[in-house]
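Comments concern the structure below.
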Amino acid sequence: MKIIMLGAPGAGKGTQAKKIADKYQIPHISTGDIFRANIKEGTELGKKAKSYMDQGQLVPDELTLELIMDRFQNPDCENGYVLDGFPRTIPQAEALTEALAKKGETIDYAINVEVPDENIINRMGGRRACLACGSTYHIVYAPTRVEGICDRCGEKLVLRDDDKPETVKNRLNVYHNQTQPLIDYYTKQGKLAEVDGTQSMEDVFNAIVKILGA
Ligand code: AP5
Ligand code: ZN
C-alpha cells in the first residue's frame with residue numbers, strides 16, 4: 001500500500017504516519033526526519049537543508065527529489081510506504097507520479113489531515129521532539145513519563161528550531177501557497193481522502209483505518 005499524508009505543518013501527519021506504518025507493516029518515510037538526521041550528522045545535505053528549514057522555507061525540489069528517489073531504492077519499499085512531508089510541491093508530486101508510472105504503479109491514497117491554522121500554532125508550541133529516535137510528544141496531548149525525556153530512548157527532548165512562533169507563521173504561509181494545491185492534484189487523480197485532524201489522536205487514526213481497511 002502506498003500512502004501520502006497531506007496536511008499543514010503540525011496537523012499530525014507524523015503522529016498518524018507512525019501508527020499506519022506499525023499497523024500495515026510498511027516503512028514510514030519522512031523527508032523532514034531525513035533532513036534533521038543529516039543536520040545532526042553534519043552532512044553536506046544537512047548543511048544545505050538547514051538554512052531553508054530554519055526559516056520555514058522549503059528545501060529546493062532538486063535536493064529533495066534526489067534524496068527521496070534514493071530512499072525508494074531501499075528494498076523495504078517493495079510492499080509500499082507511508083510518505084510524510086513528501087510531496088510538498090506540484091513538481092514533487094509530478095515527479096512521484098512519473099517515477100511510479102514507469103513501473104506501472106500509482107499511489108493508493110492521499111490522506112489529507114485537516115486542522116485549522118488557529119489550532120496549529122498551539123500544537124507547535126507544545127511539541128517536543130527527540131532528535132535521536134524521531135519520536136514526537138506534546139506537553140499536554142502526548143506527555144512523556146518523565147518530563148523532558150524520551151520514553152523510547154531516554155534522550156533529552158527539544159523544541160524544534162522551526163517550531164518558534166515566527167517560523168511557524170512562515171511555514172503556514174508556505175503550506176498554503178505551495179502545498180495546498182496538492183489537494184486539488186490528488187482529488188483530480190481520484191486518490192484524495194479527508195479526515196478531521198482536530199479529533200483526538202485515536203479518533204483520527206480510527207478514521208484513517210476506515211479509509212484504508214482493517
Ligand atoms: P516536516 O518535518 O515535514 O514538518 P511539517 O510538515 O511542518 O510537519 P510537522 O512535523 O511539523 O508536523 P506533523 O504534521 O507531522 O505533526 P505531528 O504529528 O508532529 O518538515 C520540516 C521542514 O523540512 C520543512 O519546513 C522544510 O523546510 C523541510 N522539508 C521537509 N520535507 C520537504 C519536502 N518534501 N520538500 C521541501 N522541503 C521539505 O504533530 C504536531 C504536534 O501536535 C505534536 O506535538 C503532536 O503530539 C500533537 N498532535 C498530533 N495529533 C494531535 C491530535 N489529534 N490532537 C492533539 N495533539 C496532536
Ligand atoms: Zn528518543
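For all residues, glycine too, the Cβ spot is worked out from N, Cα and C.
Residues or ranges marked as ATP binding site by TrEMBL: Gly10, Ala11, Gly12, Lys13, Gly14, Thr15, Arg127, Thr136, Tyr137, Gln199. DSSP classifies Gly12 (ATP binding site) as coil under the three-state reduction. Over all protein chains present, the Cβ of Gly12 (ATP binding site) has 25 other Cβ atoms lying within 10 Å.
The AMP binding site annotation in TrEMBL covers Thr31, Arg36, Gln57, Leu58, Val59, Gly85, Phe86, Pro87, Arg88, Gln92, Arg160, Arg171. Taking the Cβ of Arg88 (AMP binding site) as reference, residues of its chain lying under 8 Å away and at least six apart in sequence are, in sequence order, Thr31, Leu58, Thr64, Gln178, Thr179, Leu182. DSSP assigns Arg88 (AMP binding site) to coil, not to a helix or a strand.
Cβ contacts within 10 Å of Cys150 (Zn(2+) binding site), excluding its own Cβ and spanning all protein chains shown: 22. Following the DSSP three-state reduction, the secondary structure of Cys150 (Zn(2+) binding site) is coil. What TrEMBL lists as Zn(2+) binding site is Cys130, Cys133, Cys150, Cys153.
The domain 'Adenylate kinase active site lid' annotation in TrEMBL covers 127-162. Long-range contacts of the domain 'Adenylate kinase active site lid' (127-162) within the same chain: residues 10, 14-15, 30, 33, 36-37, 40, 53-54, 56, 168, 171, 201, each at least 6 residues beyond the stretch ends and with a Cβ under 8 Å from a Cβ of the stretch.
In this model, the region 'NMP' (30-59) carries an average pLDDT of 94. What TrEMBL lists as region 'NMP' is 30-59.
For the region 'LID' (126-163), the number of residues in each DSSP class (helix H, G, I; strand E, B; coil) is 4 helix, 10 strand, 24 coil. According to TrEMBL, the feature region 'LID' maps to 126-163.
Counting same-chain residues at least six beyond the ends of the region 'NMP' (30-59), those with a Cβ under 8 angstroms from any Cβ of the stretch are 14, 17, 67-68, 71, 84-86, 88-89, 131, 134, 161-162, 167-171, 173-174, 178.
In this structure, the CA atom of Arg160 (AMP binding site) is 8 Å away from the CA atom of Arg127 (ATP binding site). Broken down with DSSP, the region 'NMP' (30-59) shows 22 helix, 1 strand, 7 coil. Closest to Gln57 (AMP binding site) by Cα-Cα distance, out of the binding-site residues Gly10, Gly12, Gly14, Cys133, Tyr137, is Gly10. Only Gly12, Thr31, in sequence order, out of the binding-site residues Gly12, Thr31, Cys150, Cys153, Arg160 have a CB under 6 Å from ligand 1.
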